[in-house]
């Protein structure tokens, strides 16, 4: 049990996919200007990342490895991710049309989010079992969501702040992201 808790904590805080591995930067910078859309993107990404991680493990274990098709791993994982994203988009469109409009192009772009594919491939490379794959996917999603929501809240405050003209917009966003990354480096010694 403690092994799973350590995996979760290390994935969320120590090895955060956005701030440490630099995966998922497109939605991190693109959807983080408003807190409402960041929360919606976080929920959608959490669902997609967790489910894609589980399904990718199953595809790898029960289709690719038994039939010696490991050379199709990346392509099959992208296909799994695309199916999960389409399912998620249909659910979001049916349940919350306003959230679907707010997320706009970023919801279908979860398919090309390198963090989602990165989690699936790292599960294979690190030889995680089924439960570890699910926890790793969920932890990566929680870490992504945590960083996205915190960054979005900071960007909303910065929009109202008196920022010097050369630093307005993307420049102050990059500085803020760098400072967040430094703050998360403080968790480095937490888990080995």
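All positions are counted from 1 along the displayed chain.
A Cβ is built for glycine as well, from the same backbone N, Cα and C atoms used for every other residue.
Per Swiss-Prot, transmembrane segment is recorded for 5-25, 39-59, 65-85, 102-122, 134-154, 171-191.
Among the stretches 65-85, 102-122, 134-154, 171-191, the one making the largest number of Cβ pairs under 8 Å with the transmembrane segment (39-59) is 134-154.
The stretch in 65-85, 102-122, 134-154 that contributes the largest number of Cβ pairs under 8 Å to the transmembrane segment (5-25) is 134-154. Sequence-distant contacts of the transmembrane segment (65-85) (same chain, at least 6 residues past either end, Cβ-Cβ under 8 Å): 48, 51-52, 55-56, 59, 107-108, 110-111, 116-117, 120-121, 124.
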